[in-house]
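Q: This is the structure I have questions about; it appears just below.
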């Protein structure tokens, strides 16, 4: 059995929907291995008297990168769909905006939100400067009669 899997990617988290019609929550298993693999396994049994027969089974594996907060990954199963939410790590940047030698952001720096606010303030200052220069240019053009000869 090959279940339908739908990924929804977002800035803050990725969501995976695994469509499992006919399965019950007790028949499913979700694990994150130390090797960085997310494993989803399920097996549906049919009881015939004293014996059990497997109707369907599946196993899906997905690599989980370090971009995710592994301890915050959670799953819910309802209406025949297994919903996995995989929150992403929030990058941190040092106060000076420098990066470490390995290219990764410093964990001792300010939060990502603070960095965004600084970038917004810089963009606002650049916009004010551009408007000011446009006003000065218009003034010079209107009131200064400069001729090039």
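The backbone N, Cα and C atoms fix where each Cβ goes, glycine too.
Pasting the relevant annotations from TrEMBL:
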| type | residues | note |
| --- | --- | --- |
| DOMAIN | 1-106 | domain 'SHSP' |
| TRANSMEM | 122-140 | transmembrane segment |
Q: Please list, for the domain 'SHSP' (1-106), how many residues fall into helix, strand and coil according to DSSP.
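A: Helix/strand/coil tally for the domain 'SHSP' (1-106): 6 helix, 60 strand, 40 coil.
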Q: Compute the average pLDDT of the predicted model within the domain 'SHSP' (1-106).
A: 84
